[in-house]
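S.K.: I am attaching a structure below and will ask some questions about it afterwards.
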Amino acid sequence: MKTIKKAKEMSAFSNRAKARGQTLALVPTMGALHEGHLSLVESAKEKANIVIVSIFINPTQFAPTEDLKKYPKNLLKDQKALKLFDPIIIFAPSEKDLYSSGFDTWVEEGTLSRRLCGKFRFGHFKGVTTIVTKLFNIVRPDYAIFGEKDYQQQLIIKKITRDLNYPIEIATCPTVREYDGLAMSSRNQYLSEKERKSATVLYKALIRAKKDIEGGETDCRKIIVGLGRLIGFEAIVRVDYINIVNPETLEEVKEIGKEKVLIAIAGRIGKTRLIDSMIVTPK
């Protein structure tokens, strides 16, 4: 297992690999790896000759009031987790290497990023799309692997890949969940025992919505009100949004028809913001 910490060295490695005819798969992460991340690595191993896992806590996707300073960081622990997949390349650049003094060039998607989480985390997706673009330019992967847990993010990445004509296949892997349905997230470790128990209500709400839709309910407002009441039983959970949207455009759906819909929920449990979503096909 090799760890590369300089962007120029990473680019040189990728160029040599491509010159030998090898394919590259990139798994972008911010570290604090869990089983969800490892499922992405496993998928990447199936697609390409060489897998690069980037580990970089990207400061530009955090608002001043968010958890940048306390975001979990342990490169040694992440390296140990990735040994199971050796041979593998870890790209762990410094902030100084990726954001030089005076940096002020951004990549911003203008439609999808304004919906759902974009209404609550101003500038977040601008930071995400900029760092992903930089990683694409440095690594030049043939494949990039993202998780469905961050549904809006992977949809935005697919769009900028098309819009900017990157010759990269974006693959999305299913959400990995804990035994009780809670979507795996690096931020779950912030939760107290009480908060951890309450957080499962997000998944319970998704299952409730799925049952409602599959049972023939078509009024989205009625479904959303019901989910709000369910989540409201957990007093420490504060909802940012509960939406039923088109899974391709993220536009709100008012009435369930024959097409798939995305149920998307975001909320705060104590000081921790969690998101979850599920695609549902009406019967």
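We number each residue from 1, going along the chain as drawn.
Note that Cβ sites are derived from N, Cα and C of the backbone, with glycine treated the same way.
Annotation comment: TrEMBL describes HIS37 as active site, proton donor. Annotated ATP binding site per TrEMBL: 30-37, 147-150, VAL176, 184-187, in sequence order. Residues or ranges marked as beta-alanine binding site in TrEMBL: GLN61. Positions annotated as (R)-pantoate binding site by TrEMBL: GLN61, GLN153.
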S.K.: Show which residues of the chain containing VAL176 (ATP binding site), separated from it by at least 6 in sequence, have their CB under 8 Å from its CB.
M.R.: HIS34, GLU35, GLY36, SER39, GLY147, LYS149, ALA183, MET184
S.K.: What is the interatomic distance between the Cα atoms of SER186 (ATP binding site) and HIS37 (active site, proton donor), given in whole Å?
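M.R.: That separation, Cα to Cα, works out to 10 Å.
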S.K.: Spatially, and counting Cα to Cα, which of the recorded positions is closest to GLN61 (beta-alanine binding site)? Options: MET30, LEU33, HIS37, GLU148.
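M.R.: Going through MET30, LEU33, HIS37, GLU148 one by one, the closest to GLN61 (beta-alanine binding site) is MET30.
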S.K.: How many other Cβ atoms are found within 10 Å of the Cβ atom of GLY36 (ATP binding site), counting all protein chains shown?
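M.R.: Counting Cβ neighbours of GLY36 (ATP binding site) within 10 Å gives 22.
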S.K.: If one measures from the C-alpha of GLU148 (ATP binding site) to the C-alpha of HIS37 (active site, proton donor), what distance in angstrom results, rounded to a whole number?
M.R.: 11
S.K.: Just checking, which of GLN61, SER186 (binding-site residues) has the fewest C-beta atoms within 10 Å of its C-beta?
M.R.: SER186
S.K.: Using all protein chains shown, find which of the binding-site residues MET30, LEU33 scores highest when you count other CB atoms within 10 A of its CB.
M.R.: LEU33
S.K.: Between the residue listed as 'active site, proton donor' and MET30 (ATP binding site), what C-alpha distance do you get in Å?
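M.R.: Checking the Cα atoms of the residue listed as 'active site, proton donor' and MET30 (ATP binding site) gives a distance of 10 Å.
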S.K.: If I take the alpha carbons of LEU33 (ATP binding site) and GLN153 ((R)-pantoate binding site), what is the distance between them in whole Å?
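M.R.: Distance between the two Cα atoms comes out at 18 Å.
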